[in-house]
Amino acid sequence: MALLVVMKALNLLFAAEDKHYVKVTGTAHGWDVLFYIFQSMRVVLLFTVIVLIGTGWSFLKPFLQDREKKVLMIVIPLQVLANVASVVIGETGPFIKDWVTWNQVFLIVDIVCCCAIIFPIVWSIRSLRETSKTDGKAARNLAKLTLFRQFYIVVIGYLYFTRIVVFALKTIAAYKYQWVASSAEEIVSLAFYIVMFYMFRPVERNEYFVLDDEEEEAAALALQDEEFEL
């Protein structure tokens with residue numbers, strides 16, 4: 001998570017330098033190369049962090065199951081491909097023959113990755129529900145279930161806004177107002193990072209798990225409720 005924040009900060013720094021030199025001199029003077037490098041690293045890290053949190057790695061279990069490893073093995077190469085497509089789109093234009101094709105590749109790959117990172121979160125929620133029926137720790141499992149359901153909603157909201165709402169803003173806004181879409185995307189990204197990091201921050205004694213007998217009984221009843229689903 002800390003590395004992701006560093007990559008995001010460097011990505012924005014080099015993006016600012018890139019825009020500045022293009023505005024002043026007409027060329028990026030190599031800043032665009034650094035921008036694309038750190039953008040690629042940032043996006044790959046973001047999806048990796050979401051997948052690792054979604055699987056419950058280090059929070060629910062100290063290992064990854066085979067199907068979870070396969071999700072990582074699919075998402076990371078696809079994100080590399082998506083970043084290559086992003087570079088081609090950003091550095092060229094409709095005048096080249098395959099520009100539209102690269103746009104389609106980027107869109108399809110991005111959608112596949114967004115769908116793929118949802119599966120580990122759903123698997124973790126189902127696994128917690130099944131575990132809660134047998135291990136006798138209803139209150140702890142209810143707390144974890146609540147946390148993962150909240151994370152699921154946050155991820156869906158982030159993906160929806162950055163993939164659909166931002167795209168719509170860029171499409172309908174005039175060129176001089178493109179900064180509105182970029183600002184909205186960065187503000188939502190910052191909010192997403194803060195919420196995600198806060199939810200899964202390391203603590204010595206999590207208040208979620210300091211529970212008494214009454215809370216344990218109440219949690220057991222809540223987990224028996226069939227409405228406690230996604």
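Backbone N, Cα and C atoms are what each Cβ position is placed from, and that goes for glycine too.
Under the heading domain 'GOST seven transmembrane', TrEMBL lists 3-206.
Residues annotated as signal peptide in TrEMBL: 1-15.
Residues 1, 3-4, 7-8, 10-11, 15, 65, 68, 71-72, 75-76, 79-80, 82-83, 86, 113, 116-121, 123-124, 127, 148, 151, 155, 196, 200 of the same chain sit 6 or more residues outside the transmembrane segment (39-59) yet have a Cβ under 8 Å from a Cβ within it. Per TrEMBL, transmembrane segment is recorded for 39-59 (among others).
The transmembrane segment feature in TrEMBL is assigned to 71-90 (among others).
TrEMBL lists 102-123 (among others) with the feature transmembrane segment. Sequence-distant neighbours of the transmembrane segment (102-123) (same chain, 6+ residues past either end, Cβ-Cβ under 8 Å): 47, 50-51, 54-55, 67-68, 71, 74-75, 78-79, 81-82, 85-86, 88-89, 92, 148, 151-152, 155-156, 159, 163, 230.
The transmembrane segment annotation in TrEMBL covers 151-173 (among others).
The transmembrane segment annotation in TrEMBL covers 179-200 (among others).
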